[in-house]
Amino acid sequence: MLTKRIIPCLDVKEGRVVKGIQFVELRDAGDPVELARAYDQQGADELVFLDISASHEGRKTMVDVVQGVAAELAIPFTVGGGINALEDMKRILRAGADKVSLNTAAVLRPELIREGAEYFGTQCIVVAIDAKWDEEAGTWRVYTHGGRKPTERLVLDWVKEAESLGAGEILLTSMDRDGEKSGFNVELTKAVSEAVNIPVIASGGAGGSEDFTEIFTDGKADAALAASIFHYEETSVKEVKAHLRNEGVNVR
Amino acid sequence: MIGIVDYGMGNLFSVSKALERIGVPYIISDKKEQLEKTDGLILPGVGAFRDAMKLLDETNLSGFIKEQAHAGKPILGICLGMQLLFDESEENGVFSGLGLLKGKAVKFSGESNGERYKVPHMGWNKLMFHQDSPLTADVEADHVYFVHSYYVTNEDRDALIASCDYFGEVPAVVGKGNVFGMQFHPEKSGDLGMALLKNYTQYVQNTEVEV
């Protein structure tokens, strides 16, 4: 049986790992390769690297970081940020990444999803979505550019479109919860997981082990991603998995 | 010496790094003359079946791989590389593969007994061994990492070495004679993945071929 995945996320800016509190306040939490190695040893199922400066500071490739991590790791990892064209995907995947994640670029030009999926197969293409509740619309809205720009798109429509274009996975970040440590957004995750037939990674709001249980059971997530609670050693992947196992959630 | 077949698509870097970790010499090449001198081949693969076969045909590597396989040289296909070893695939149409193993790649239906399930099959799943093989010698069945939307079906049962369960039986390790495939990514599957890769390289070392 397929296990639920725990995915530490490393937000990378100029080669260093940082984590923003609601995308604004940044603290330096270390070297990507060091962290990757530590997470691998802790039993992380996958890693995600996001170049958070990519959208507004121009395109930055992370080829060196990717190669360094791929040399150290025996687990898969996804790279996002600054991937705007098929050529960017080729460079990142050939440097050793297993998947690329598209966010702003896919919203601006959805065909990019199809191009990537046709060339690499859908399983290599992750569509990352920054979602924020819109009181007026009564649903979640898609934000781009690192969560700074609201778009016309609604999350539940966009995930379906992304899936039909060839997305292999959705990385869903709740901006309402990101950095708050008050728990994942169960409602949002469940709604998205039921709207599409591809795996959904829940992100934003992890505060402790019990949050993971909730997002896998009530939230119907296939994987859960967290950054700060792992970086600052408030808990470990090992602890979270032990808790999940006790709660009857199937983990590796 | 292992030859990693570079046909323009694939997880070359991670496969090569994995070989470095277990101390096995390798070359990465798209040239027959170079690949011919190696003791065993690895056919990696990330991507779509049609594009991969097209590239293999354009570079004349498909004929070369078949020749080498028929001559007895060990070959290991990984992920898409494993699917390429079979007769055909239904990915974006029906396309012929290398035909070294019997069976075809079909898409996960995404529905089982009226219930929907997620496609791709993505994540860590547990292997079940069906028969002894040099590839699975001295290893215990545990979790390995899968990422795929197509799986092999109608395969020769004799060629099924290990499978996993994802709303049905999914061939995970296959092999007949000197031709092997792994549907998951051994190079991304932690210690077990590394042990399986090491077993393949050991098999290569123990196999003498006059090609």
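Quick reminder: no glycine exception, Cβ is built from N, Cα and C everywhere.
For B:C79 (active site, nucleophile), other Cβ atoms within 10 Å of its Cβ number 28. The feature active site, nucleophile is assigned by TrEMBL to B:C79.
A sphere of 10 angstroms centred on the C-beta of B:H185 (active site) encloses 26 other C-beta atoms. When secondary structure is read from DSSP and collapsed to three states, B:H185 (active site) falls in the coil class. For B:H185 (among others), the entry in TrEMBL reads active site.
The active site annotation in TrEMBL covers B:E187 (among others).
Under the heading domain 'Glutamine amidotransferase', TrEMBL lists B:4-198.
Model confidence over the domain 'Glutamine amidotransferase' (B:4-198) stands at 94, taken as the mean pLDDT rounded to a whole number. The local packing around B:E187 (active site), expressed as other Cβ atoms within 10 Å of its Cβ over all shown chains, amounts to 30. In three-state terms derived from DSSP, B:C79 (active site, nucleophile) belongs to neither a helical nor a strand segment and is classed as coil. Across the structure, B:E187 (active site) and B:C79 (active site, nucleophile) place their CA atoms 11 angstrom apart.
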